[in-house]
Amino acid sequence: MSWWRDNFWIILAMSIIFISLVLGLILYCVCRWQLRQGRNWEIAKPSKQDGRDEEKMYENVLNSSPGQLPALPPRGSPFPGDLAPQEAPRQPSAWYSSVKKVRNKKVFAISGSTEPENDYDDVEIPATTETQHSKTTPFWQAEVGLHSSF
């Protein structure tokens, strides 16, 4: 019984290879037999869509039309669900830093496509985030501390 345990993965790999070869041989024989009888197989072609390359978009909205959707809030305003009216806004914790928008960013247009100037991907991450990470405990030191508690 120990021989089976010692060579389990080798036996499993050889079994997979053997079964694949047997199935391949069976398919080869069936295809050869079908072609000897004179049957031709046609390659299936995709259905034509009247020459239109249109994308269809579906929204997961029940009983509403696009005209009934509310307008988006201004960019600088906080999300209305985040703060209750009686609460004062909190200061961000030490882990977060402010993000400053780059106003004089050069935009390179490719083949006539342009991006809007007030797009969300034109922000700059300040260099102060690097010093915050160096003040924290490295992952391997925290991991050692966790294992010692068990």
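Numbers run from 1 along the shown chain.
Positions of Cβ are set from backbone N, Cα and C atoms, glycine also.
Swiss-Prot annotations:
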TRANSMEM  8-28  transmembrane segment
LIPID     Cys29  S-palmitoyl cysteine
LIPID     Cys31  S-palmitoyl cysteine
MOD_RES   Tyr58  phosphotyrosine
MOD_RES   Ser65  phosphoserine
REGION    70-75  region 'Proline-rich region necessary for constitutive interaction with LYN'
MOD_RES   Ser77  phosphoserine
MOD_RES   Tyr96  phosphotyrosine
MOD_RES   Tyr120  phosphotyrosine
**Item:** Mean of the pLDDT scores, which run from 0 to 100, over the region 'Proline-rich region necessary for constitutive interaction with LYN' (70-75)
**Value:** 77
**Message:** When DSSP is mapped onto helix/strand/coil, what comes out for Cys29 (S-palmitoyl cysteine)?
**Reply:** helix
**Item:** Integer Å distance between the CA atoms belonging to Cys31 (S-palmitoyl cysteine) and Ser77 (phosphoserine)
**Value:** 67
**Complete:** Per the Cβ filter (under 8 Å) with a sequence gap of at least 6 from its ends, the transmembrane segment (8-28) is approached by none
**Fill in**
Ser77 (phosphoserine), Cβ-centred 10 Å count of other Cβ atoms over all protein chains shown, is 7
**For the region 'Proline-rich region necessary for constitutive interaction with LYN' (70-75), the number of residues DSSP places in helix, strand and coil** = 0 helix, 0 strand, 6 coil
**Item:** Cβ contacts of Cys29 (S-palmitoyl cysteine) (under 8 Å, same chain, 6 or more positions away)
**Value:** none
**Neighbouring C-beta atoms (10 Å sphere around the C-beta of Cys31 (S-palmitoyl cysteine))** = 12
